[in-house]
Amino acid sequence: MSDSHAHDDEEDNNNVFLDDSDIIHEVALDDEVLPEASDPIRDFNSDSDSEIEEVDDSDHIFTGHTGELYAASCSPTDMTLVATGGGDDKGFLWQINNGDWASELNGHSDSVSSLGFSHDGKFLATGSFDGTVKVWDVAGNLKGTLDGPEGGVQWLRWHPRGNILIAGFDDSSTVWMWNTDNFAFLMSFNGHASSVTCGDFTPDGRIICTGSDDATLRIWNPKSGESIHVVRGHPYHTEGITCLAINSTSTIALTGSQDGSVHFVNITTGRVVSTVPSHSSSIECVGFAPSGTWALIGGMDKMTIWDIENSLARSTCDHEYGVTCLTWLGASYVATGSMDGAVRLWDSRSGECVKMFRGHSEGIQTLSLSANREYLVSASLDHTARVFEVKDFC
């Protein structure tokens, strides 16, 4: 009999018939459109941006730029005012946690590579690869343009107590200085044999220190233009200087180089007073702790927290994607940016990473702390600037 029933099923084109006794449980269906059998199966383990929302720890995102960002600076007096510049040939003034206001700074014909506020926060200077420096008020009005030698602006710095500005240029071995009250050129500092990659006034405003691709540090008198000291040769750097920092007492300059070496120089005597064991790759950034007793050295291989008084490494932290920029948040904590797009906060006492901020999709170029020390601003190659809350670490 079973063979007969099987034969009957085949004749019914393999149809299956159910009666009420075969029903175990009824499930109500909603109006959801179900996928067709031919639709591809979604992979819930995929890292596709369209399928998984990326983690973003930022409190505010500025998206006014249409190109990579190279520079960012928070006002020293206004708690919310930020300036950014980038590869779209523009600068912007904008406010933290206020998406309704921004002032677009037009006028440069090439990337805005460097910028900074004056000591009193009344003016902003923007430097560009077009070879000019422009000065703006904080409403975004252009006050004047400063022309320099040939080559794009690599960096610029304001005097710590006056409206004096210095800048270094790509294709020039000189540093230029202007008075921005009347936009007059004051003098150039001549002596380096190659482009001047970094420089700054000492915090007391009495000295200028500059580092160059010629592997020398020069210490200048800003009134006379005289080169007081030239630091070079053994035991100093053998390749170009990449970064420079000066301690709060205006006595020590800290320099890093393409050769991975780091040296402390006495500004008064021009002598190397301490040397940090070399990194395996270029040093990208250096900075003194507010107390002046520790320093942070960031390279493309690792980060070193250096005890200056005892001349030893307090901590050495592996950094797979390199440290591209840093800023101290207070006596104990420091923030670093990296090519992986993450901003990390470190406890300098232990060398531990205590916080990581995600949000950027490309490398961080610079970091800046707000005047009230509550927010950290990061500028990235992903065309955005992001704001992270750091008040618990300052």
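Placement of Cβ uses the backbone N, Cα and C atoms for every residue, glycine included.
The annotation region 'Disordered' is assigned in TrEMBL to 31-54.
Here TrEMBL flags 105-138 (among others) as repeat 'WD'. DSSP labels the residues of the repeat 'WD' (105-138) in these numbers: 0 helix, 19 strand, 15 coil.
Long-range contacts of the repeat 'WD' (189-230) within the same chain: residues 151, 154-155, 157-162, 164, 166, 168-177, 236-246, 248-250, 253, 255, 257, 265, 267, 269-270, each at least 6 residues beyond the stretch ends and with a Cβ under 8 Å from a Cβ of the stretch. The repeat 'WD' annotation in TrEMBL covers 189-230 (among others).
For 234-275 (among others), the entry in TrEMBL reads repeat 'WD'. For the repeat 'WD' (234-275), the predicted model reports an average pLDDT of 97.
The DSSP breakdown of the repeat 'WD' (316-356) into helical (H, G, I), extended (E, B) and coil residues amounts to 0 helix, 25 strand, 16 coil. Annotation comment: TrEMBL describes 316-356 (among others) as repeat 'WD'.
With a threshold of 8 Å between CB atoms, the same-chain residues lying at least 6 positions outside the repeat 'WD' (357-394) that come near it are 54-63, 65-80, 82, 84, 86, 96-97, 121, 321, 324-327, 329-330, 333, 335-345. Per TrEMBL, the feature repeat 'WD' maps to 357-394 (among others).
The list of residues near the repeat 'WD' (105-138) in space but at least 6 beyond its ends in sequence, with Cβ under 8 angstroms from a Cβ of it, reads 67, 70-78, 81, 83-93, 144-163, 165, 167, 169-170, 178, 180, 183, 371.
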